[in-house]
Every structure is written in C-alpha cells, then in structure tokens.
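To start, the structure itself, in structure tokens.
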Amino acid sequence: MTSLLGLAVRLLLFQPALMVFWASQVRQNCRNGSYEISVLMMDNSAYKEPMQNLREAVEEGLDIVRKRLREADLNVTVNATFIYSDGLIHKSGDCRSSTCEGLDLLREITRDHKMGCALMGPSCTYSTFQMYLDTELNYPMISAGSYGLSCDYKETLTRILPPARKLMYFLVDFWKVNNASFKPFSWNSSYVYKNGSEPEDCFWYLNALEAGVSYFSEVLNFKDVLRRSEQFQEILTGHNRKSNVIVMCGTPESFYDVKGDLQVAEDTVVILVDLFSNHYFEENTTAPEYMDNVLVLTLPSEQSTSNTSVAERFSSGRSDFSLAYLEGTLLFGHMLQTFLENGENVTGPKFARAFRNLTFQGFAGPVTLDDSGDIDNIMSLLYVSLDTRKYKVLMKYDTHKNKTIPVAENPNFIWKNHKLPNDVPGLGPQILMIAVFTLTGILVVLLLIALLVLRKYRRDHALRQKKWSHIPSENIFPLETNETNHISLKIDDDRRRDTIQRVRQCKYDKKKVILKDLKHSDGNFSEKQKIDLNKLLQSDYYNLTKFYGTVKLDTRIFGVVEYCERGSLREVLNDTISYPDGTFMDWEFKISVLNDIAKGMSYLHSSKIEVHGRLKSTNCVVDSRMVVKITDFGCNSILPPKKDLWTAPEHLRQATISQKGDVYSFAIIAQEIILRKETFYTLSCRDHNEKIFRVENSYGKPFRPDLFLETADEKELEVYLLVKSCWEEDPEKRPDFKKIESTLAKIFGLFHDQKNESYMDTLIRRLQLYSRNLEHLVEERTQLYKAERDRADHLNFMLLPRLVVKSLKEKGIVEPELYEEVTIYFSDIVGFTTICKYSTPMEVVDMLNDIYKSFDQIVDHHDVYKVETIGDAYVVASGLPMRNGNRHAVDISKMALDILSFIGTFELEHLPGLPVWIRIGVHSGPCAAGVVGIKMPRYCLFGDTVNTASRMESTGLPLRIHMSSSTITILKRTDCQFLYEVRGETYLKGRGTETTYWLTGMKDQEYNLPSPPTVENQQRLQTEFSDMIVSALQKRQASGKKSRRPTRVASYKKGFLEYMQLNNSDHDSTYF
C-alpha cells in the first residue's frame, strides 16, 4: 500500500513537468537544421529481441532517411537519441509491470534535455496507455507494439504492428461469411483459449476477444473462455461442447503442447493466430499431422520479406519487431521530409497529429497507415493441403478495406466435402437436408389447415385492432390539494412548474393518472392511429407505464396514463437532496436503473409496438418503489418524434425511427445517469443546437458526450464500454436490448463479487442507508430553519414592536389598545424644502440617511419606540406598547437632549459650512395604538395627543425643545431634575392658548447643546438662506469635493427636479 501511495505521489508531482517539457525541449533538439528522434530502449522479457538489434535497425533506418533527404536537396542533420532503462528505480521484468518505466524514461528525457521531434516506443500496452492517461503528449509517438484496445484512437500514437482491433474485425468478418464455396454457413459461436502465459501480442489479441462488450463478443450468440489446458483438451475431443470453433494464439509448437497426442474430433476447427512467423511460406516447410484441423492466421511473406536485402539482413536472429523499429524510423523521416519541403513547423500540434491516413515507402515496400495511425496489412488465412502437406492460402483479409477475399476454390483440407463444418455441433449439410424434407412434409399438411384459420383470424383481428377504450369525462376526477405532492425532500418546487403546465394530474378508477395531451381536437382518429391506440391498451409490463384509454375534456383529447410519484428520471437526477450520490445514486443503483430501462425496452421491442422513437430521460419515470418505467411510447402516428439530443444521428438526417435508434437514446440516458450531469454533457460544446448539428453532420470521428474513461476502475469500465458500443455511428454495430440486459446482469454480478443478492435485498440495504442519511438531512434542515426563523424575527422586530410581533405569530391578530399616558416626540429640519431645491435627489437621500442613522443610534439607548419618519419629520413615542410608568416623559426628554447635542456637531457633506437646525416638540397624554392594514402593516398612533405633539413642533423655534405643560408636570413628579424655561402663552390650533416651556438640560448631566439663534439671525436666515446654500456650493467646488452623481431614471425630464414630501397645511415648518 505504501509503494502504491508513493507511486501516486510521484505521478502527481511528475505530471506537470511532462505537460510543459515539450515546449522547451523541442526547441533545442528539433530546430535550426538539426532533428532528432528519441528512442526508448526498455529491456523486458516480453520481446526477446536484443536491444542491440533494435539500435542497429534504427541506425540503418537513419542512413536511409539521410540519403532520401540529400536526394531531396534538404541539407539537415538527422540523429537518434537512445534512452536506456538501466538506472531506473521501477525497472520492469516484462510488459505487464512496465507502467512506471515509461513515465520514468520520460522524466529522464526531460531532465537530460534529450527530447527530439518524435518518440519511438514504448512497445508495451500498459506503459503506452499510462503515458497517455497521465500526460498530455503533444508530440508524435511511434510504437512497435501497444496492441491493446486501450491504445486505440490516440491522436498522436502510430502503431507499426497490427493492433488487436484489426484482428478482431477480421474474425467478425470471417464468422459472417456464408457464401464461399468452402464456407456455406455463418458462425455465431466460439471458444477462446487464453492461459495467461502468452507473449505480449497474443495476450492483447486474446484479451480483445475476451472482453464482454467488444465487437467480437457482440456479434456472437455464444462465447466462452478456456483458461486451462484440461478444458481445451476436453472441448477439442469431447462431444459435450457448444461450439466447434476454438480461437487461440501462438505457434504450431504451442498448439501441440496443449493438444498433446489426443485425437481431434473431425468437425473441430482451430483458428491459430500467428501473425509474425514466416516459416509457413518457406519451401522446405512441411505441415505436421496435428495441424490438419488448424487454420493459421498470419501475415503473408511478401509483406515482410519480399525485398531480397530485407531477407538477407533480417534472417540472422532478427524479427518483424526489429523491422518495425526500422519502419518507424523511415516513417519519421518521411514526415520530416514532407513538412520541411512544405516549409511547415515540425514542433507544432499539426506535426504531432500528421502520422496517419498516409502511405510511405518502407524498407520492405509501401506501408499504409489508417486514419487512426495504425498500420494496414493483408492478412492470410492458411490451411494444410492433404495432397502436398504444405500451407496454402484459404482467404485473405484487407484491413484497409475491411474486406475478406476467398482465394481457394476447392481446398483439399481435412473437413468433408471441401467445406468447413458448422460452428454448432451436430449440424451439417446431411442433417439439414433430412430436417428440410421432414419439415416440408409436415408443413404441407398444416398449410391447408392454417389457411382456413388464418382467413378467419385476419377478419376478427382487423375488427379488434380498431377498438380502444374511450373513457367518459365523468369518470375523471381532480385530485385533492394534499394529493398533488410528489415524493421529494427539496424545499422549493420550482423545478416542477414547467411540468405541471404540460401535464395534468387526475384520478381515474381510484388511481392517480396523468393526462397526456395528444394534440387532437375532435377524437376522430385515423385507422392507423386507432390501431396504435389499441396496441397501447394491450401493453402491460412492469417497466412500462399503463395506458388506460383516451378522454375528451373541453375541446381536447388526452391520453390517460399511469402516474409515478417521484417524477421523471431527469428530475430524480437533478434532485441531489432527495437522492444523494452516497446512498441512492451509487453505482449499484445506477446499474439497476439502466437494467429497468433495458427490460422495458426489451419488452417493447418484442411487442406489437416494436419501437419507441422518443426515448429520453424525461420519458422515463420513477414510481414510489424506485422502479423506473418507460412512458410516452406508441403514439408515433399521433405525436411524431422531434429532433433532440437523444435522437440517433441517422434519424437526425432522416426523420425516421428504429430499434437501433432507441439503443442510441439509451446510451445518452446512460451517460446522464453515470455522470449525473446535464443531457449530452461535454466540455467541448455547451450549446444545445450546436450539439445536434455536430451529431447530425459527423465528419471523421463521431461527436459524442464525455464519459471520462480515465477515472473509471475495472468494474465501471465495463459499463462505459457498453455505453460506447450503444452509441456507435454504425447502427448495425449497436447491441440489441436483449444483449444489453444480459451484459448489465453480468456487470451487476461484478459489483457484488458474484454474490447472489436479490433486487429486494439491494433495495432494503439502500433504504437503510437512505434512512440514516435522512436523519442527518432533517437535522441539517432544522438548523437552517432555526437560523432563518431568527433572521425573520429580527427583521420583524425592526419593523414592528416585539410584543406586536409575538401577538401576530401566536394569535394572527393584534388587538388595538388605549394607553392612559404616553409621551410623543416630533422633530423636523428647518429649511428642508429650500435645501432640496439646491440638492440632487441622491444628496437629499444621503443627508436624511446620515441624520436618521445617528438618530436611530440615540433611540437605541432609551426606552422609546420609533414610530416613523415622514420626509424630514422624525416621530418617537414612549410608554407604548409596553407601559413604563412616568419614565416615558423622562426617556423622551433625555433622548431629545441627546439629539439636539448631536445636531450641534453635524455638518452636511454636500453643503459644507451650512448650519443644520431642527425644531423639536414634545407632548404627553392619552393615546390609542394598533396595527393597521394587511400589506405593509404599520403600528400607528391615534388621538389628540399626536396632533398636539405635532403642533408643539410646528410652533417651536430652531434648536429648541418645545414642551407642553402636561409633560413638564410629569417630569416634576420624577426624581430627575430637568432644567426648563417658561416660554409663555402659545397659540395651538385646535386647543387655544396654553403655557409652554423650553427644555434646556439637566442639573446632574452636561449636554453640549448648540446655542439657539437670535431673532436677528432667524430673520437673516429667512432672507439669505438661499445665498448661504449657493455660497456652500461654491466652497465645495473650490475645495475640489465631488458629490455622488445619481443614476437618472426614466421619470427624470429636462427642467427643475421635483421632490415628493408629505406635508399638510398646518405643518408649515419647512417654509419661511
């Protein structure tokens, strides 16, 4: 475990260096007329070729490259740098342990500045795949090996030896042949012998055939892997086998080692893959008798030894592996010459991706690379001629054209009648002939009876097909309010808003149903539509929603369909709260969901409906038992399908539907389930319409969503490979839903380590996890609710008195109350209207905000309640809503003194030097209070005391606290010694003449009160206030201060600014 952790740390630390070393190293070793190729010399037992031979092959290739460059008048230097693995820490013993070795060699290249224009090697699949997985290889890599499927379709990888994919395509094509003179039957079964000790090429060839979701496995009805020689011998000689065909990889000697001296059954065919042996074509080669039942797949001799010099140079201890290194060097020289002649840059990404879809002159003749950078060959299938005991060509396979070409007309091999046997034991031409004659006789007898029965059946069936259930509208009932909720833990339900607009939930026959709009107004369906509705009515399966019939409501026709409480699968995937990844949406559940969809589609394809046509995640719904059901099927004649992200490319080009198109839609849904992201999620494209366009108009590599195969483990990789096979561009390569269903069952067994756990056991275990997660979720939501409640209470307490808020929460109403004695405070700003005339709206708002914020801080230090602000008026009361004895007059008086002290030090920001004067009026008396209104409720005061307090303020003087005699009387009853002066008789509108007072301070406390203006100052202010404001504005401009410019609104027009101010005729204190 420690070593694995260390390896992971090394890879993480090393990876950034690999991503950036290309830009610096290539400029040193691939420019200014000097070009190098870096050759990785990894010593392991998988390839028995001495490294010295490989080096000699590369150097010989460089000699040829230099010669060709000179002939092309290109005066450049071409060399090779050989990097050996002698000093590596993770030196491998064979290819299956060389994962770290390739990365270590890359690090050595980076450190020693040896990286050239291209990289030769490694040859091991594991090492090559790991390098592409952990690094960004922005340079061409040429490999003499890397046969595995995991190395397919790499943008910068070129393979000089045939990969496993090419072999697999040949076997599939050969199995399908049924029109050759020597092979009248197509094969659908096979055994694969793989014991794990094969050489590197055989290991990956057989691994591709063994894979459960490979192309070879998909086209076969039966395939089994034999891993022990005893199993191989039993199949080779026994009668209890399921196929006559066995595929293995190796040499004739390795076949004999496994077979021994056992007698092979006459109808057995062994396909021996031995691509790199040349002795089959030698003149002195005689086939042994144990090879009679063997067909050998190899590369023909002209591909590797047609050149006399090649035969001479590679006959002494060398192999096709050495030739591959030489050919790779020639390929590098060919591309270098091409780019230099065209004046193009050999260090850019174009050069890295140019090693494909071309033909160059190799050492043994022309060499062709396909559009994936893999070599194309002509493979030969050989048989043993009983006449000459020589190997002869039976068929040839062109990997470039993907075409099998029969060569032999009447091959004299061991099988009867010069024909290969059937792959199924016991079936052959003779047995088939007997079966045909027997069945013909029976059919003739039954045919006459069937014709009579068929005629009557067709007549009855035609009448029955046109009938369907039309439900009277009286049988459809709306749901109660408490029945419309769906199963979810999400607090908000906005995500279902659009769905509710499209579908209607009702009740039919005591069951919840959904009304699906059929876009039909009169209900006069055509004959074809009636037949489709009848098929819908007859469909009844566990993973399909039930169709009950049609109903006419108002002027529209609806389909009545079974309702599933948890909504669509797309909604479930979006709801990460109700269905978290750690419990419900784990891999087992995802596979169960895929299996439910596959079962439903498998039944649908085998039913009379035959095809869905609109399969997508929004048409897969989940019921209360977490069973996924398919809906919205069978109405293609009524609701034709539309183009969307789930539509197969062939149906985007032509508006049709097919079962293979449903398989493609299943793959898109599977990608949604696996990644739990948006539909057709891909990092390379986010636009919906562009995705559809790129799928419809695929050029080269088809456009598909992301799957992130790099992060998948072995079990998850099986699911990913299944998904990729389902969205193949060629519909014929996609599996059917029966195959998908069986593959998912095998994958589900892998996640349980082959344990026999039923679906109910899995569901119960998942519900237990879900219950524990729900407890934590409820606790978390409770904490969030309490925090939100406290915030709401705090806001309510800022708007209404605390007692009023509690009464509203507990009773829902607030009873109005009469208070015998309270004190009310009024104040306003002198000259407010004149200030507004010379100020912008934002300056007025800022001024009032600065003043009121300071007033509010003062109010918080006294037992008073701020009632409201009206323009420049500020209203405060004490003694309500909580009574406080005689303290109400004391608290209002102290607050008034504090406010007046603050005003003495306050200065307007936008009018520096301008004095701010306020008038304050205070009165005590009885008052009524209560909450008025429903929208924006306010705690309002009513009574003559409120009006009198307002009159006290309006008849007062600037920087003075004007108090009524009732307030002074209350103050005298307290222990507080306030200082006041008698103003004299003052006329109060509505009350007549009363004696009023000026509050000037307290004996035991100092207040920094501003000096009230004299009568002369007041008169001067009335006449010169506008001039003082203009002078303050000029002073602000001279000092360089800028006021904040307000954002103009639509209601602002040219002319003077206007301000809204609440004012009555009696309250004229803001005017002089």
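Glycine too: its Cβ is placed from the backbone N, Cα and C atoms.
For the annotation N-linked glycosylation site, the record in Swiss-Prot points to N307 among the listed residues N307, N482. Between N284, N543, N574, N1063, Swiss-Prot assigns N-linked glycosylation site to N284; no such entry appears for the others, which is not proof they lack it.
In Swiss-Prot, the feature N-linked glycosylation site is assigned, of N188, N357, to N188; the remaining candidates carry no such note in the record. Within the set N345, N756, Swiss-Prot records N-linked glycosylation site at N345. Assigned with DSSP, the residues of the domain 'Guanylate cyclase' (823-953) fall into helix, strand and coil as follows: 54 helix, 39 strand, 38 coil. N79 (N-linked glycosylation site) falls within a strand segment according to DSSP. Ranked by Cα separation from N75 (N-linked glycosylation site), the glycosylation sites N32, N179, N195 are led by N32. The local packing around N32 (N-linked glycosylation site), expressed as other Cβ atoms within 10 Å of its Cβ over all shown chains, amounts to 9. Figure note: comparing Cβ neighbours within 10 Å for the glycosylation sites N75, N402, the maximum is reached by N402. Here the candidates are the glycosylation sites N32, N188, N195, N284. The one whose C-alpha lies nearest to that of N345 (N-linked glycosylation site) is N32. Every protein chain shown contributes to the tally, and the Cβ of N345 (N-linked glycosylation site) ends up with 11 other Cβ atoms within 10 Å. Cα to Cα, N402 (N-linked glycosylation site) and N179 (N-linked glycosylation site) are separated by 17 Å. Cα separation, N284 (N-linked glycosylation site) to N179 (N-linked glycosylation site), rounded: 34 Å. Considering only the glycosylation sites N179, N188, N284, the Cβ with the fewest other Cβ atoms within 10 Å is that of N284.
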